[in-house]
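**Q** Sharing a structure below in structure tokens format, with a few things to ask.
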Amino acid sequence: MSDALLRIAVTGVTGRMGKEIVTCVVEGEKQFSQEIVLGAAITRLNAKICGMDVGVLINNDTLGIEITDNLESIKDNFDVLVDFTAPDISIEYLKFCVNNNKNIVIGTTGFNQIHKNLILNASHKIGIVFSSNFSIGVALISKLLHKITQIIGSTSDISIIETHHNRKRDIPSGTSLTMQNIIANALRSIHSNKIMDSNLDSTTYSSASSYNDILIHSIRAGDVVGEHTVLFAGPGERLEITHKASDRLIFAHGALRAAFWIGRDKIGLFDISDILEMDTLL
């Protein structure tokens, strides 16, 4: 194996996103086939699949990489950790990465403000790409939202409608909270009286959640991968911006793109828009 190859550790390999990312790396999806390799596969503590070859998990040939719950035993096998698990688990992985000088991509959602502060503090020591959504389409919408809100936000009723599969735990979604925060910051920039405070915490919401007149409606049904609509309703007209994800592969591609971008050496806190250099586009 070439030293130039970036070795990825994937957590939560039995989960939807973990399995998708492992498959993406192993099958050499798109531009990463010659640049990224799987270095380690990680699962929850004492899981029954510990010791299984990860290739079996994704219906592939054996790969010589055993699934493990012991990070210490595989710390020399990877350069960047990619994590889509749960908030408390992600924080433990983050602490391990800080202690072992490993960069990390975090796609977990549902963090509270204490978690977010820990991530921010860790970014002074290692490189972190932290995003609630790794879709290029959602990143583009997020940029557009700021500009649209500055123009019509103060005269519109604003709502966000998000739909996900019925097993998604966090309500509302991390993506909808990110959108809400973008809108809040844009309103603040034009001194709108709609917004007083933007300290958002995903643990305090229900299926219909209002934050200073920016309402989020959350739907959990079937096997929907993810849909987000932002509605600006003004006098005599309304504007709707919608993103629909039909395949988790787009999130896997985005996460791997983030891992390749952050590499071994970058330090700081970044999100998907930094990777896509969106400030130069919009």
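Heads up, the Cβ atoms here are built off N, Cα and C, so glycines get one too.
Remember, predicted model here, so these are calculated numbers, not experimental data.
Annotations per TrEMBL:
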type     : residues                                                                                         : note
ACT_SITE : His164                                                                                           : active site, proton donor/acceptor
ACT_SITE : Lys168                                                                                           : active site, proton donor
BINDING  : Gly12, Val13, Thr14, Gly15, Arg16, Met17, Gly107, Thr108, Thr109, Ser131, Ser132, Asn133, Phe134 : NAD(+) binding site
BINDING  : His165, Gly174, Thr175                                                                           : (S)-2,3,4,5-tetrahydrodipicolinate binding site
DOMAIN   : 7-134                                                                                            : domain 'Dihydrodipicolinate reductase N-terminal'
DOMAIN   : 137-276                                                                                          : domain 'Dihydrodipicolinate reductase C-terminal'
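Can you tell me where each of these features sits in this structure?
**A** In the three-state DSSP scheme, His164 (active site, proton donor/acceptor) is classed as strand. If you draw a 10 Å sphere around the CB of His164 (active site, proton donor/acceptor), it holds 25 other CB atoms from the protein chains shown.
Less than 8 angstroms from the CB of Lys168 (active site, proton donor) sit Arg220, each of them six or more residues away in the same chain.
In the three-state DSSP scheme, Ser132 (NAD(+) binding site) falls into the coil class. Applying an 8 A CB threshold to same-chain residues 6+ apart, the list for Ser132 (NAD(+) binding site) reads Gly107, Thr109, Ser173, Gly174, Thr175, Leu177, Thr178.
Mapped onto three states, the DSSP output places Thr175 ((S)-2,3,4,5-tetrahydrodipicolinate binding site) in helix.
For the domain 'Dihydrodipicolinate reductase N-terminal' (7-134), the predicted model reports an average pLDDT of 93.
Taking DSSP states H, G and I as helix and E and B as strand, the domain 'Dihydrodipicolinate reductase C-terminal' (137-276) has 57 helix, 40 strand, 43 coil.
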**Q** State the count of C-beta atoms found within 10 angstroms of the C-beta of Arg16 (NAD(+) binding site), not counting that atom itself.
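**A** Arg16 (NAD(+) binding site): 15 neighbouring Cβ atoms within 10 Å.
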**Q** Work through the binding-site residues one by one (Gly12, Thr14, Arg16, Phe134) and name whichever has its CA nearest to the CA of His164 (active site, proton donor/acceptor).
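**A** Considering only the listed binding-site residues, the nearest one is Arg16.
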**Q** Where Arg16 (NAD(+) binding site) and His165 ((S)-2,3,4,5-tetrahydrodipicolinate binding site) are concerned, what is their Cα separation in Å, rounded?
**A** 11
**Q** Using all protein chains in view, find how many other C-beta atoms are within 10 Å of the C-beta of His165 ((S)-2,3,4,5-tetrahydrodipicolinate binding site).
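**A** I count 13 other Cβ atoms within 10 Å of it.
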**Q** Between His165 ((S)-2,3,4,5-tetrahydrodipicolinate binding site) and Thr14 (NAD(+) binding site), how far is it from one CA atom to the other, in Å?
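**A** Each residue's Cα considered, His165 ((S)-2,3,4,5-tetrahydrodipicolinate binding site) and Thr14 (NAD(+) binding site) end up 17 Å apart.
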